[in-house]
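Structure record follows, encoded as structure tokens.
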Amino acid sequence: MAEGKLHVTRLYAENLTLAYDERTVATELGVAIPDDSFTVIVGPNACGKSTLLKALARMLKPRGGAVYLDGKGIGEYRTREVARRLGLLPQTSVAPSGITVGDLVARGRYPHQRMLRQWSRADEAVVTEAMRLTGVLELSGRLVDELSGGQRQRVWLAMVLAQQTSILLLDEPTTFLDIAHQVEVLDLCADLHEHKGHTLVAVLHDLNQACRYATHLIVMRPGGQIAAQGRPGEIVTADLVREVFGLPCRVIDDPETGTPLIVPASRRSSPKATVVAGIERSGA
Amino acid sequence: MSAPVTGRVLRTRGEGLSLRVDGRALGASLGLAVALVAVMLVTLTTGEYELSVPEVLAALVGQGDGGAEFIVGTLRLPRLLTALFVGAALALSGAILQSLSGNPLGSPDVIGFTNGAATGALLVIIVLGGGMTQTAFGAFAGGLAAALLIYLLAFKGGVQGFRFILVGIGISALALSVNSYLVTRASLHDAVAAHAWLIGSVNGRGWEQVAAVGGTLAVLLPVALGAARRLSLLQLGDATATALGVGVQRSRLVLIATSVLLAAVATAAAGPIWFVALAAPQLARGLTRVAGPGLASSALMGGLLLTAGDLAVQLLFPTSQLPVGTATGCLGGLYLCWLLAAQWRKGSYT
Ligand SMILES: Nc1ncnc2c1ncn2[C@@H]1O[C@H](COP(=O)(O)OP(=O)(O)O)[C@@H](O)[C@H]1O
Ligand SMILES: [Mg+2]
């Protein structure tokens, strides 16, 4: 609180410059992840969502600025200490060939283990619970190589859950999944957020899913700037989507949840358009 | 409820100690150790002078007669131990690199450590006119130099993936052509010495080599085993390993340095020995079926391969003193063909 801030969150970043070698992805980027939120980051391809997530998880050292976790620069912690507070599911992961599902999930316990305390009862209970939650417990003896993309994604999710961190960063956790499994994973995330007290940060591709599940939405624009952030219902408008994604659309209320629903404009004008126009939101 | 993981779980009361033990891997390692002891006994008892097991054992503890003690203590044992330690060091080096690169071709003899060591040795023999000890130092320096070059050229973005292997193969080819050039420049006497060194062998190796390689192993085997858990997390990729709390850069540097030192010392002691570093970890994995790095079983397998290989050439060609490097070289070529073909079929080069 030295800066006299009213709301310092557990995880925030100030004035970040993010770059790979010559390519600068973002400058003067500041984000705060509200505590106990389900924060979703959306933005067009290559705008720097994964890069931001990597910086938040100390995987990428910022060129400028800093990331703070629980009141301290994230670089000041031992990496194992960070791993007990904050977990990350990267966009792509590799499993060594010949590993079983259970053994892979068990590797998520590493930050809690010691050389001579490799597999306590607590480890076992946590791993089993993580696998049960993600529905991969029946697969525990199978080889990861032999799973479908969707099963594999749930196994990785189980590994991150086994890490038992209160903050979870997930980079596109629904890729490779069919629509039913996407909803299943997102419902699981919502559950973790609501009932288990996790703070979640997820990058999602699908704007409508983002609006439905996020309690806090961060919209990034190309160039790594933040175009808007806040409750989806308060910030998502047709103007914003057009400006950030270059997509003409209308934004209506999701008939299931009342959250914003983005309906891309048809190139051919549709006779039905007048019907939805009745419930169209007003642009801000 | 059964544990969702493979292997047996051993826990003390209060869980001060809890270990996971893979029964199959343990059994395979014990089997390898038994085979190794058998090979060692046969090696010590057979040869131009047959000795019985009690005679050998007596000689080992200094209770044998003078002839037996000379044969065992001066002729057979140093050669045997050199083969054992060189094999184990090479296999360990290969197992580490293969796990780091996630590729069975990530082996010191494929990616140029070995040819680089040869360049160093040849420079000493041909340009500096050094003797055996200086040659060993030359080989050691050459191996390190090759590794450093690969590291500088390929390190950007980690050693994951094929880039590291391809750069290594390039360095290997480069070193090989330098080696050929050096030999053409040599006098006949030096060329013969160079040639003799270039065929790796444990013939006539003494306690000096045993001490060098054994001492290196005594230091680096615990280092490698201590880093094995981190190595198994590095197999999941840099991002996941970092997320799980592994200091990726430092762990990788320690592991690469360990691998390079093991290969360089082994090559300095015995000359280039092909095939062991490449194949031993894969063969060990075939037995243990573990997905992790399998360092201990690989080291045992390497020791077994080289001692058994050296025993085989002594039994099959008792008079010609065929170097064990020739035998492993032939086998290694065949194995490499098979491995490349198998990988190609799997499409893992795409
Ligand atoms: N490892 C890398 N090295 C160099 N450039 C990268 C790397 N990863 C991403 N980039 C570049 O950084 C930009 C942002 O990428 P990323 O954060 O992955 O975007 P996305 O929003 O799709 O997740 C892109 O232009 C991408 O090409
Ligand atoms: Mg991305």
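Just so you know, the numbers here start at 1 and follow the chain as drawn.
Using the three backbone atoms N, Cα and C, a Cβ is placed for every residue, glycine included.
What TrEMBL says about a protein is an automatic prediction, not a curated fact.
For B:21-44, B:80-98, B:110-130, B:136-155, B:162-182, B:210-228, B:253-275, B:295-317, B:324-344, the entry in TrEMBL reads transmembrane segment.
Where the transmembrane segment (B:295-317) meets the stretches B:21-44, B:80-98, B:136-155, B:324-344, the count of C-beta pairs under 8 angstroms peaks at B:80-98. Most Cβ pairs under 8 A with the transmembrane segment (B:80-98) among the ranges B:21-44, B:162-182, B:253-275 are made by B:253-275.
Distant neighbours of the transmembrane segment (B:162-182): 101, 103, 105-106, 110-112, 114-116, 118-119, 122-123, 126-127, 142, 146, 149-150, 153-155, 194, 198, 349; these residues of the same chain sit at least 6 beyond its ends, with a Cβ under 8 Å from one of its Cβ atoms. Comparing B:21-44, B:210-228, B:253-275, B:324-344 for CB pairs under 8 angstroms to the transmembrane segment (B:110-130), the maximum falls on B:253-275. Residues 78, 81-82, 85-86, 88-89, 92, 96, 136, 251, 254-255, 258, 261-262, 265-266, 268-269, 292-293, 295-296, 299 of the same chain lie 6 or more positions beyond the ends of the transmembrane segment (B:210-228) yet place their CB under 8 Å from a CB of it.
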